[in-house]
Amino acid sequence: MILIVAEHAGGKLAKSTLEMVTAARGSGREGPVTLLVLGQGVTGVAKEAAAVADQVLVADLPALAIYNAEVWAAAATQIAREGEAHTVLIGGSRSGREYAPRVAVKLDAPYLEDVIGLSAQGDALRAQRYTFLARVTESVEASGPMIVVTVKPGAFAPAAPAAQPGEEYDVDLDLPAPRVEVTGRSVEKSSRVALAEADVIVTGGRGVGSPENFATYVEGLADAIGAGVGATRAVVDAGWRPYAEQVGQTGKTVQPQAYIALGVSGAVQHLSGMGKSRNIVAINKDAEAPIFKVADYGIVGDVNQIVPALIEAAKK
Amino acid sequence: MKILTLVRQVPDAEARIKIQGQAVDLDGTTVVIDGMDEYGVEEALRLREAGADVEEIVALAVGPKRNEDALRTALAMGVDRAIHVETDEKYDAVALSRIVAQVAQAEGASLVLVGGQEADWDSQALGAASAERLGWPQLTWTNELKVEGDTLTGRHDVDDGNESFRATLPAVVTTQQGLNDPRYPTLPNIMKAKKKELRKDDPATYGVTPTVKVVGAEIQTRARRNTMIDGKDPQAAAQHLLELLRNEAKVIA
């Protein structure tokens, strides 16, 4: 079987889970597509999962109330072994890429990380992935009785519900006690659409000028067109914006339909996080900014003058 | 406590990447110590300077001969000695973690510092895979770290924000931007570093084979429209851009 560990948040199945179902079904690997739902109070998530999978395994346990890498790795490993999975798919989120390597080591399986393409080649599994700060696409191959894969968010289309919902089964797990104690949590909540889920993202760089300008222009435009908000590393380092908004090598990788970069110069590390966006729009007063080299639409001009006009026009 | 800190050598972010045959060819490319690993080296030094009971700091590199440069940089920054497992073999993170774990055990390290994401393989797996092999907990994407006795506290980034944590050594910590500002080696320290031990290990002694094979590589650039709009008249430019986004790209309503 192909085992997918479902990603979910706030009682809802994440888009990344639907994308993993597409990756699994298109991979040419045989067997039922099984979603494993880990958490506490996840009945609703399991129902959503059943709509797209052949079967759903639900571990609704107090020990799974809070994510922990060692606990999640133990859970996925047990189910993979008991269910004799030959392929284990895990989301390419920060947490997914944190516990998936532990699963691979526990299963003594090769690990294909953050893949954007997946296909069976006889007994082997071939994957495509970005390397060298997303400047290169490499094809990699692994074989073995079990292979662990993390799937890059946004790389596959979300699966549509199947004609027949999959069966749900409750599973029990023998889980280790977490050894890392969480002593505080700061969740960066935003009323806007999350970066990983956004079709359109408006990102601000240092060229926006100030935190106040960021709020007025970047957030203003995002709100006018229903987009998510991103920031460059320079802006986050300067303390203008929270880390959760950072796009780039050390932040999030995004692949929206449109990426609107305001006052962003386009350093390689930033391009590695957004360079695969379907359409890139750049507004920057520096005509030499590298961002223009990758832009579909560019305006050389002052963000402070062009963006208010843009917000005004978008509202009409 | 002994600290093991990993250093890798990667192409400079601005360096041109070329493909030879079916693989990335780094011959002639400017390579540098991976920035993410540099934060780890710096953090090890800072933990000692902040008064943690650090007996020794050892830097480890696995890779071709040129990795000596990265190790010399780490030595010049202040680590005590270095181990180089010299090999031209390309190990994926899960395979490489076998070497890391064996060295950590042989050295009696109780804290392993690894960069959060490798700038060549774009992989985040080395820290977690090493932790699993050692049977240790891990803290990834750490941006604040303190060691008191064998208690590790700090803060790290998670999917939707950040968390403060407490754990007991031994542990693996992955490092990143924001944790510290790595120091530049001074000339006297560069001179001193030449006398520090840089041990060469034979990769065969670790009995590791790669588990993932690279079968192709392509530099892919998406063809971009590169439509430039005159920005002299902000109103007209804004209107024109919106029309293009609505009617040509069809990305906004």
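Just so you know, glycine gets a Cβ as well, placed from its N, Cα and C.
Note: TrEMBL annotation is automatic and uncurated.
TrEMBL lists A:Arg206, A:232-233, A:246-250, A:263-270, A:Asn284 with the feature FAD binding site. Contacts of A:Val264 (FAD binding site) defined by a Cβ separation under 8 A and a same-chain sequence distance of 6+ are given as A:Thr203, A:Gly204, A:Gly205, A:Gly207, A:Thr232, A:His270, A:Ala282, A:Asn284, A:Ala289, A:Ile291, in order along the sequence.
Taken from TrEMBL, the feature domain 'Electron transfer flavoprotein alpha/beta-subunit N-terminal' applies to A:2-182.
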Structural state of A:Gln246 (FAD binding site), classified by DSSP into three states: strand
Neighbour tally for A:His270 (FAD binding site), based on other Cβ positions within 10 Å of its Cβ: 27
Binding-site residues (A:Arg206, A:Gln246, A:Gln249) in Cβ proximity to chain B, threshold under 8 Å: A:Gln249
Cβ neighbours of A:Arg206 (FAD binding site) where a neighbour is any other Cβ within 10 Å: 18
